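I have placed the structure first, in the form of structure tokens, so that the comments after it can refer back to it.
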Number of protein chains: 2
Amino acid sequence: MTNKDARTPASMQNATSENAVSENAMDETAVDETALIGNANTVRGNAVEGNNAETRKSIGWHKGYIEGVRADLRVPVRQVHLTNGQSVTLYDTSGPYTDPHVETDVRRGLSPLRESWIIARGDTEEYAGRPVRPEDDGIKHTSPRGGLRNLDAVFPGRPRLPRRGRDGKAVTQLAYARQGEITPEMEFVAIRENVSPEVVREEIAAGRAVLPANVNHPEIEPMIIGKRFLVKVNANIGNSAVTSSIEEEVEKMTWATRWGADTVMDLSTGRNIHTTREWVLRNSPVPIGTVPLYQALEKVDGRAEELTWEIYKDTVVEQAEQGVDYMTVHAGVRLPYVPLTANRKTGIVSRGGSIMAAWCLAHHKESFLYENFEELCEILAAYDVTYSLGDGLRPGSIADANDAAQFAELRTLGELNTVAKRFNVQTMIEGPGHVPMHKIKENIDLQQEICDEAPFYTLGPLTTDVAPAYDHITSGIGAAMIAWWGTAMLCYVTPKEHLGLPNRDDVKTGVITYKIAAHAADLAKGHPGAQEWDDALSDARFEFRWEDQFNLALDPDTAREFHDETLPAEPAKTAHFCSMCGPKFCSMKISQSITERFGGGAAEGASADEIAEGMLEKSKEFAASGNRVYLPLAD
Amino acid sequence: MTNKDARTPASMQNATSENAVSENAMDETAVDETALIGNANTVRGNAVEGNNAETRKSIGWHKGYIEGVRADLRVPVRQVHLTNGQSVTLYDTSGPYTDPHVETDVRRGLSPLRESWIIARGDTEEYAGRPVRPEDDGIKHTSPRGGLRNLDAVFPGRPRLPRRGRDGKAVTQLAYARQGEITPEMEFVAIRENVSPEVVREEIAAGRAVLPANVNHPEIEPMIIGKRFLVKVNANIGNSAVTSSIEEEVEKMTWATRWGADTVMDLSTGRNIHTTREWVLRNSPVPIGTVPLYQALEKVDGRAEELTWEIYKDTVVEQAEQGVDYMTVHAGVRLPYVPLTANRKTGIVSRGGSIMAAWCLAHHKESFLYENFEELCEILAAYDVTYSLGDGLRPGSIADANDAAQFAELRTLGELNTVAKRFNVQTMIEGPGHVPMHKIKENIDLQQEICDEAPFYTLGPLTTDVAPAYDHITSGIGAAMIAWWGTAMLCYVTPKEHLGLPNRDDVKTGVITYKIAAHAADLAKGHPGAQEWDDALSDARFEFRWEDQFNLALDPDTAREFHDETLPAEPAKTAHFCSMCGPKFCSMKISQSITERFGGGAAEGASADEIAEGMLEKSKEFAASGNRVYLPLAD
């Protein structure tokens with residue numbers, strides 16, 4: 001592959017077969033670096049073929065890699081091969097699972113890609129770590145639900161010691177960025193986003209972007225969250241006391257990333273919470289987020305008033321040692337704000353928020369998370385765990401949107417953001433919730449102002465309350481809008497929101513809906529190159545290249561299936577019409593002939609007279625060609 | 001029912017059981033008219049019970065009616081009965097099919113509700129009408145596909161003569177409104193929208209709203225389309241040469257209106273086009289729209305160049321006599337604009353647009369629709385057919401949005417709108433299409449300016465091209481936004497868009513998605529009372545009234561089904577927790593106790609000290625109550 005891919009935008013790179021998908025792509029070298037965005041002076045664009053031509057042809061796409069300056073820096077991409085010989089490169093979150101050359105085994109976990117980079121920095125140390133206890137998995141001697149630990153469930157992969165910053169040093173990407181250092185992780189995301197590494201460093205240093213990458217989660221393919229980059233999508237998984245198993249959660253994680261989830265939050269509660277997380281982390285190519293408060297509450301058997309800073313801190317350390325990349329911390333739910341929720345339509349709908357509110361009520365004390373926030377910063381800095389400052393008082397209904405409680409908490413999150421930055425902890429801010437369209441912009445504008453442009457990470461927002469079973473859609477509307485206006489990551493909502501736990505299909509529907517919202521926002525923000533993906537698909541549509549339409553679609557399987565419902569036969573996939581209009585009526589077909597008649601560019605800048613003259617000539621041509629609006633089926 | 005329902009907003013009326021759902025509601029009289037919006041001085045609010053208490057209880061809702069000043073003016077509503085004794089009144093489009101007291105038979109058609117109103121006006125006459133010909137159903141002696149007409153398919157309902165304005169008089173709601181007359185149709189929609197009849201008349205007279213109601217379609221329940229009213233949704237049905245049958249199309253129509261479609265467009269092509277339309281019209285409680293050009297093209301066997309004004313006009317008369325309420329007319333696709341599409345990514349994607357472009361090319365003449373527009377106005381005025389001026393040059397891809405061709409046509413539509421108004425023809429303007437979010441507002445702003453605020457009627461717009469199989473979502477995002485900004489009616493898009501013909505499930509998904517977009521826009525526009533529906537559902541959610549949540553949902557069936565997947569047992573529908581969090585973790589439950597502790601209004605306006613004092617007291621209460629965050633299952 002030539003340098004073309006290093007220059008074209010990250011969201012989608014469109015190249016001809018000559019320079020992008022040739023079999024000897026590895027032998028070529030990137031040369032034209034001057035065209036790179038920013039001041040990049042490194043070579044960042046060698047494509048590596050992931051599988052052979054035969055396989056690629058049969059599946060329509062293959063897993064490819066773009067190499068960076070170092071041999072161990074290979075950025076995964078999805079290379080779509082079009083029937084016209086061109087190819088399109090798409091951002092890929094699916095990890096090694098979609099590379100037929102990589103053998104994966106969920107019992108061993110993924111290869112620790114980043115380990116050598118972390119060790120090479122020389123600022124971390126391995127240590128014995130906190131011993132895993134039965135209660136970490138919700139098992140208690142005193143619990144009526146007690147019993148023996150299910151040893152089969154323990155993750156069987158390679159033994160490892162946890163790692164942390166030496167002498168309490170902040171080993172965060174923020175610290176490095178502020179020191180002017182471009183890490184391999186930054187290099188990786190620069191290729192992935194097709195910007196210069198310096199842009200990545202600047203955005204992280206300014207706190208406008210985060211690169212969640214715990215030193216104990218070396219398996220991830222680095223990604224970045226910030227308004228200057230592609231809008232990201234998070235998918236939630238997690239068992240609950242009522243249903244689901246470890247295997248299901250690991251499967252949901254790989255499934256979600258296959259469809260495009262950029263991060264995954266493990267929101268498990270109940271039994272096997274530690275072990276489930278271990279399996280998820282060791283097998284995840286994307287950053288994993290958690291809400292430590294859920295597990296801490298399990299440790300006190302669900303009694304919020306028995307929570308202590310010590311139990312919480314111990315849980316944070318436990319999870320940081322496992323490799324959790326970002327943690328939702330509801331430190332903004334302060335004692336004085338709780339009464340502000342009393343007159344709400346739906347009170348406090350955040351689980352973490354309601355737990356902290358109950359604790360504050362029970363003790364009549366300020367939140368222990370708020371009071372101990374600086375100590376928490378020190379812990380997170382030592383592992384490079386990113387803060388996701390939770391919006392525990394987010395509105396749970398249209399009626400409660402943008403109210404005093406919500407914005408009081410937001411102002412506190414702004415204050416905590418400043419503290420976190422002082423400790424070099426990367427920080428993003430969580431946002432609502434349920435918000436009608438006309439009140440959405442105020443949320444992002446206020447958050448950006450109060451939180452010094454720290455990345456906003458919103459759940460939807462849902463734009464109406466009246467459509468349970470369709471809240472992926474009620475929220476997808478709000479998500480697209482708020483992302484256009486600057487939200488950096490969107491937390492997905494599935495059709496089961498408010499009703500039950502998402503199954504496999506729900507996870508896919510949620511991710512696809514949110515990828516639509518994210519991409520629509522990339523387009524509206526004018527993200528360089530975002531539109532090339534749309535253009536490639538629209539070209540394929542106009543030219544009746546059905547297979548290319550399917551392969552370029554966010555969900556090729558469903559697009560193909562829907563088409564085949566009406567016109568299943570193979571010839572229909574190349575026929576110059578489609579099932580909506582039938583052969584006689586196809587507007588695409590009619591319009592193609594117009595394009596052919598006028599030729600590209602003929603009409604541009606022409607005067608009315610010139611156009612009229614051209615029209616006359618073309619009308620004669622039209623008549624000469626048989627005057628047919630449509631081409632017969634045999635055509 | 002008391003006057004309460006006459007005052008509360010039309011989108012949703014929330015009342016207690018005492019005054020809204022009492023069995024003797026018919027005996028009560030509306031008295032407080034002063035509170036009505038506008039200068040209404042008529043009684044407009046008697047509820048009539050549609051079925052008995054037992055039935056209502058078992059299904060959770062019943063079909064009700066609000067009576068107007070005249071006995072034959074009964075506005076249908078969906079009355080939802082909550083388990084707390086309250087009831088909620090929702091706008092209802094489903095027609096007599098959901099009233100167990102009305103016997104319907106698709107072979108006889110619906111009762112002609114408006115017939116007496118039309119006759120009473122005395123300005124129309126019955127006449128012999130145009131004889132139906134075999135070619136109206138696409139049957140030709142010369143056609144290789146020819147054969148005998150399928151007589152079984154002919155609509156067997158009551159014989160009728162068509163009706164039209166005497167001496168070419170404009171018998172349109174616009175003409176009446178301009179004369180200061182409030183028709184029963186206006187009265188009907190005033191109750192439906194809960195505004196004064198005078199507001200309805202003013203909006204129609206100003207051309208800011210249309211009330212599509214052909215004098216030959218007396219079966220409809222009148223509805224209004226305008227930015228001051230609730231946002232409306234259109235569902236397209238229609239067979240094509242490739243698939244589907246008459247029965248399927250009638251079924252799709254009743255199915256679409258059951259889920260909330262406000263109008264239905266019959267876009268049939270191919271065989272049985274006249275007969276299919278007859279069945280649909282005679283059974284439709286909502287206005288029916290068509291694109292006459294499709295049928296006209298069938299009559300010339302698909303050869304666009306053989307189309308003539310005479311054939312087109314004949315088709316319009318044929319359809320007007322049947323009762324089509326609004327017609328898409330692509331009169332804005334003018335000869336000089338065709339070359340402007342030559343360099344587009346996806347050319348002309350409107351079927352009507354491409355047919356007219358091909359005709360212009362073939363003849364090198366100005367469009368016969370543009371040239372004969374005034375004569376067309378005279379025809380439409382005589383039946384009160386509403387114009388839907390088609391956007392034949394709408395963009396079919398993100399790349400083509402807001403281009404020269406699109407806006408050139410829009411300016412012509414503005415010009416035609418002025419002409420139509422001169423002939424007293426009600427007019428709305430169609431809009432795109434594929435438009436990225438940041439270019440949507442320009443569309444509605446320009447349309448409103450150019451077209452004197454005539455109602456905008458948009459297809460989506462789709463905010464990205466990359467998600468075939470999910471274009472109900474890519475377009476639902478754009479639809480919600482453009483409706484917020486002033487679009488009056490949204491044409492739905494189903495998951496099959498670009499891929500095939502929608503089936504029953506697709507129609508439902510499309511309608512529900514667009515009802516979400518429309519309601520989200522009603523909320524954002526601050527439509528009076530729109531939020532009461534959300535509030536009622538959120539109240540039910542917060543109070544764990546699961547059955548009420550289901551019954552209030554846009555799609556009760558799916559909401560219930562999703563809930564039952566995780567927690568099917570009957571007790572789970574009243575349990576004070578849900579399957580997302582399980583019994584221990586429920587934030588709604590925790591938050592409820594906060595509300596109880598603070599009491600409604602306690603925190604409002606309190607000083608910090610007062611709050612602190614209250615907190616201390618409340619914290620003691622909390623401790624006294626057992627300090628439990630959650631209530632045990634048995635609670």
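Positions of Cβ are set from backbone N, Cα and C atoms, glycine also.
Pulled from TrEMBL, these are the features on record:
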type: BINDING; residues: B:Asn236, B:Met265, B:Tyr294, B:His330, B:Ser350, B:Arg351, B:Gly352, B:Asp391, B:Gly392, B:Leu393, B:Arg394, B:Glu430, B:Tyr457; note: substrate binding site
type: BINDING; residues: B:His434, B:His498; note: Zn(2+) binding site
type: BINDING; residues: B:Cys578, B:Cys581, B:Cys586; note: [4Fe-4S] cluster binding site
type: COMPBIAS; residues: B:10-22; note: compositional bias 'Polar residues'
type: COMPBIAS; residues: B:128-140; note: compositional bias 'Basic and acidic residues'
type: DOMAIN; residues: B:62-125; note: domain 'ThiC-associated'
type: REGION; residues: B:1-25; note: region 'Disordered'
type: REGION; residues: B:128-169; note: region 'Disordered'
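Annotated features taken from TrEMBL, shown on the structure.
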| residue | record | DSSP (3 states) |
| --- | --- | --- |
| B:Asn236 | substrate binding site | strand |
| B:Tyr294 | substrate binding site | helix |
| B:Ser350 | substrate binding site | coil |
| B:Gly392 | substrate binding site | coil |
| B:His434 | Zn(2+) binding site | strand |
| B:Tyr457 | substrate binding site | strand |
| B:His498 | Zn(2+) binding site | coil |
Residue pair B:Tyr457 (substrate binding site), B:His434 (Zn(2+) binding site) - Cα distance, angstrom, rounded: 14
List of the binding-site residues B:Asn236, B:Ser350, B:Arg394, B:Tyr457, B:His498 facing chain A, defined by a Cβ pair under 8 Å: B:Ser350, B:His498
Length of the line joining the Cα atoms of B:Gly352 (substrate binding site) and B:His498 (Zn(2+) binding site), in Å: 16
Overall pLDDT for the domain 'ThiC-associated' (B:62-125), taken as the rounded mean: 94
Residues in the compositional bias 'Basic and acidic residues' (B:128-140) grouped by DSSP into helix, strand and remaining coil: 4 helix, 0 strand, 9 coil
Integer Å distance between the CA atoms belonging to B:His434 (Zn(2+) binding site) and B:Arg394 (substrate binding site): 8
Binding-site residues (B:Asn236, B:Ser350), the one with most neighbouring Cβ atoms at 10 Å: B:Ser350
Residue among the binding-site residues B:Arg394, B:His498 whose Cβ has the most other Cβ atoms within 10 Å: B:Arg394
Rounded to the nearest Å - Cα separation of B:Asn236 (substrate binding site) and B:His498 (Zn(2+) binding site): 14
C-beta crowding around B:His434 (Zn(2+) binding site), within 10 angstroms: 29
Cβ atoms near B:Gly352 (substrate binding site) (within 10 Å, other residues, all chains): 24
B:Gly392 (substrate binding site) to B:His434 (Zn(2+) binding site) - Cα separation in whole Å: 13
Chain-internal residues, separated by at least six, CB under 8 A from B:Tyr294 (substrate binding site): B:Leu267, B:Ser268, B:Thr269, B:Ile273, B:Arg351, B:Gly352
Packing count at B:Gly392 (substrate binding site) (other Cβ atoms within 10 Å of its Cβ): 33
Secondary structure content, the domain 'ThiC-associated' (B:62-125) (per DSSP, counts of residues): 11 helix, 21 strand, 32 coil
Between B:His434 (Zn(2+) binding site) and B:Ser350 (substrate binding site): CA-CA distance (Å): 12
Pairwise C-alpha maximum, in angstrom, for the residues (B:Asn236, B:Met265, B:Tyr294, B:His330, B:Ser350, B:Arg351, B:Gly352, B:Asp391, B:Gly392, B:Leu393, B:Arg394, B:Glu430, B:Tyr457) that bind substrate according to the record: 20
Local Cβ density at B:Tyr457 (substrate binding site) - other Cβ atoms counted within 10 Å: 27
